Amino acid sequence: MPHDHDHGSDLDEMSARVMALEKLLTDKGLVEPAALDRIIDSYETRIGPRNGAHVVALAWSDPEFRDRLERDATEAIHSLGYTGRQGEHVTAVFNTPERHNMVVCTLCSCYPWSLLGLPPVWYKSMPYRSRAVREPRAVLKEFGVTLPGETAIRVWDSTAEMRYLVIPMRPGGSDGMSVEELAGLVTRDSMIGTAILPDLAGKEEART
Amino acid sequence: MNGPQDVGGRHGFGPVAPEPDEPLFHADWEARALALTVAAGAAGHWSIDESRFARENRSPAEYYRLSYYQIWIAGLTRLLLDKGLVTGEELASGQAGDRATVPPNRRLGAEEVAAVLSRGAPASRDPQGRRPAFAVGNRVRTRNLQPAGHTRLPSYARGKTGRIASVHGFHVFADASARGDHAAAEWLYAVVFDARELWGGDAATGDEVVIDAWEPYLEPC
């Protein structure tokens, strides 16, 4: 606990304001500080992109699960225990050589918390929100991604309570890997659609 | 509302700038702001749509000046005042007044957090016999709606022609829910547009944009 500040606050304005609001709401009986601690702990330690990576790895390695994911992602994902806030309704969108999928929320910051955790600052920022729908190729270039000209882009603007999970293409050279090993290859950005996953073999040659 | 939140397609915001280290929170107060918002929201005094409107319904100058969690605190404060859960005097002084404004049985306890977070708040409702007006593949035009209140139809996608990509289900209607009518629900669709329909010749051939749209946003075409 921080020491008292009766002598006048040396906190910055937002720290002081939020601390005062928390105290007021606690005194009014609206919130319980121990509950706030648990909420923060959940998003710092339990709910993050490993959940989504597990879903992707299963989609790559289990054709039956992939079918379920395509038919009813909410059912398939909830059956793994990845339920909850900002993941109540989920659609999985599958990247192919012909189509790349990318997710944004132009109106606020909707994001599949239960699968990817809290969104990064850039996802919530005005540059990403304003440009992803209009010039996705330019945005991807800023992430170091250049798609082949024949790959069309479909941008999903999350304007309701449906959350979107991009299933990236499985990297070449990953044959025979376990679900756990595959999950280790999946980056958070590849599940938003701002990254693609490099092949494991021949990376050096591909770079020339 | 035609407000500062509706930025899809707007110019001038500059490049996307991912942070190298990406801390989850940039100060302790941001974590507390998140938790306060989630905990206060769990008490059920307002819907998620009311909280979105409380955040966006402010002047562009203010909206763009505030950081993400500053907007959350501004929105939370407004909801607490609007719902009569705290008074302006209490906020100014930081001291709880005598008047009990909060029903005592609606506080999220620490022991409930895990269950509440993993349960979430599904938006799907029983259509009670109402059938969707559109099917996958149908061509639709979005209506030219310009409400002053909350809407989830972005300005870039108004009066545009697309087709139904999927029927998501019968969901709480955000526009009504933001006005406090939490019972209203409508059929919700994914609608796909040719990017050129939205952005003209600058867009690449074959690129597409999908929005989720409730039935009142759509007309047959």
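Cβ atoms are placed via backbone N, Cα and C, with glycine included.
The model shown is predicted, which means the values in this text are computed figures rather than measured ones.
Annotation note: A:C105 (Fe(3+) binding site) sits in a coil segment as assigned by DSSP. In sequence order, A:Y111, A:Y123, A:R129, A:D157, A:S158, A:T159 constitute the residues six or more apart from A:C105 (Fe(3+) binding site) in its chain with CB-CB distances below 8 Å. The annotation Fe(3+) binding site is assigned in TrEMBL to A:C105, A:C108, A:S109, A:C110.
For A:13-195, the entry in TrEMBL reads domain 'Nitrile hydratase alpha/Thiocyanate hydrolase gamma'.
Taking 8 Å as the upper bound (exclusive) on CB-CB distance to chain B, the binding-site residues A:C105, A:C108, A:S109, A:C110 give A:C108, A:S109 in sequence order. For the binding-site residues A:C108, A:C110, the greatest number of Cβ atoms within 10 Å around a candidate Cβ is found at A:C110. Neighbouring residues of the recorded Fe(3+) site, listed in sequence order and excluding A:C105, A:C108, A:S109, A:C110, comprise A:T106, A:L107, A:Y111, A:P119, A:K124, A:R129, A:S158 (Cβ within 8 Å of the Cβ centroid). Listed in sequence order, A:P119, A:Y123, A:K124 are the same-chain residues at least 6 apart in sequence whose CB falls under 8 Å from the CB of A:S109 (Fe(3+) binding site).
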